[in-house]
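> Please read through the structure below; I'll follow up with questions.
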Amino acid sequence: MGKSNSKLKPEVVEELTRKTYFTEKEVQQWYKGFIKDCPSGQLDAAGFQKIYKQFFPFGDPTKFATFVFNVFDENKDGRIEFSEFIQALSVTSRGTLDEKLRWASKLYDLDNDGYITRNEMLDIVDAIYQMVGNTVELPEEENTPEKRVDRIFAMMDKNADGKLTLQEFQEGTKADPSIVQALSLYDGLV
């Protein structure tokens, strides 16, 4: 993408409009903001973490932001270009429940082997607990990452093999209204 250009080429806007749930005008607006914050046209992990720190000032979002960064960074070059950013934003903010669940499963499947292991889920849940800090009062049965993961696996790991397939993850998540609600949090806000 162009260095500090305030406008995208029409063919790029058209392509991103086709690939996302955003209008041409919205793509242009997001690009303008992206270039303002990232004049190089790219966002690195440290910059991404800084953004998360603004939203979670009472916890430590570093670990979670790194996990999210890795999902946004589709081509795995250590930087998020605008096209990667807008496509991930589209799914997380306006995608269908199944699209959001596929995206979330990429977040949890840290080694990209198609399964979410207990340890992978523990890494993510621990990162979430660090990020929110003491700002959220958790029920006794979920007040540690380990307890939360035990509860999730008891509910979702139907064949008790210690790992979740995409199907188990999707079905289990849909059966838990609190998870569906969390995934729908940003609907209509962007």
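All positions are counted from 1 along the displayed chain.
Yeah, the Cβs are placed from backbone N, Cα and C, and that goes for glycine too.
So Swiss-Prot has the following annotated:
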type	residues	note
LIPID	Gly2	N-myristoyl glycine
DOMAIN	24-59	domain 'EF-hand 1'
DOMAIN	60-95	domain 'EF-hand 2'
BINDING	Asp73, Asn75, Asp77, Arg79, Glu81, Glu84	Ca(2+) 1 binding site
DOMAIN	96-131	domain 'EF-hand 3'
BINDING	Asp109, Asp111, Asp113, Tyr115, Glu120	Ca(2+) 2 binding site
DOMAIN	144-179	domain 'EF-hand 4'
BINDING	Asp157, Asn159, Asp161, Lys163, Glu168	Ca(2+) 3 binding site
REGION	174-190	region 'Interaction with IL1RAPL1'
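Describe each of these features in terms of where it is and what it packs against.
Secondary structure of the domain 'EF-hand 1' (24-59) per DSSP (helix as H, G, I; strand as E, B; remaining residues coil): 25 helix, 3 strand, 8 coil.
Sorting each residue of the domain 'EF-hand 2' (60-95) by its DSSP state yields 24 helix, 3 strand, 9 coil.
Neighbour count (other Cβ atoms within 10 Å of the Cβ, all protein chains): 10 for Asp77 (Ca(2+) 1 binding site).
Using DSSP to sort the residues of the domain 'EF-hand 3' (96-131) gives these counts of helix, strand and coil: 26 helix, 2 strand, 8 coil.
In sequence order, Asp109, Lys163, Leu164, Thr165 are the residues near Tyr115 (Ca(2+) 2 binding site), counting only same-chain partners six or more apart with C-beta under 8 A.
The domain 'EF-hand 4' (144-179): residue composition by secondary structure is 24 helix, 2 strand, 10 coil, according to DSSP.
When Cβ atoms from all protein chains are considered, those within 10 Å of Glu168 (Ca(2+) 3 binding site) total 20, not counting its own.
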> Are there residues of the same chain, six or more positions away from Asp111 (Ca(2+) 2 binding site), whose CB falls under 8 angstroms from its CB, and which are they?
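Result: Glu120.
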> Among the recorded stretches 24-59, 60-95, 96-131, which has the greatest number of Cβ pairs closer than 8 Å to the domain 'EF-hand 4' (144-179)?
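Of the candidates 24-59, 60-95, 96-131, 96-131 scores highest.
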> In the same chain, which residues outside the set Asp73, Asn75, Asp77, Arg79, Glu81, Glu84 have their CB within 8 A of the centroid of the CB atoms that define the Ca(2+) 1 site?
Gln42, Phe72, Glu74, Lys76, Gly78, Ile80
> For the recorded Ca(2+) 2 site, whose residues are Asp109, Asp111, Asp113, Tyr115, Glu120, find every other residue on that chain with a C-beta no more than 8 angstroms from the centre of their C-beta atoms, and list them by sequence position.
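Apart from the listed residues, the neighbours are Tyr108, Leu110, Asn112, Gly114, Ile116, Thr117, Lys163.
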> Near the Cβ of Asp73 (Ca(2+) 1 binding site), how many other Cβ atoms are there if near means within 10 Å?
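Other Cβ atoms within 10 Å of Asp73 (Ca(2+) 1 binding site): 20.
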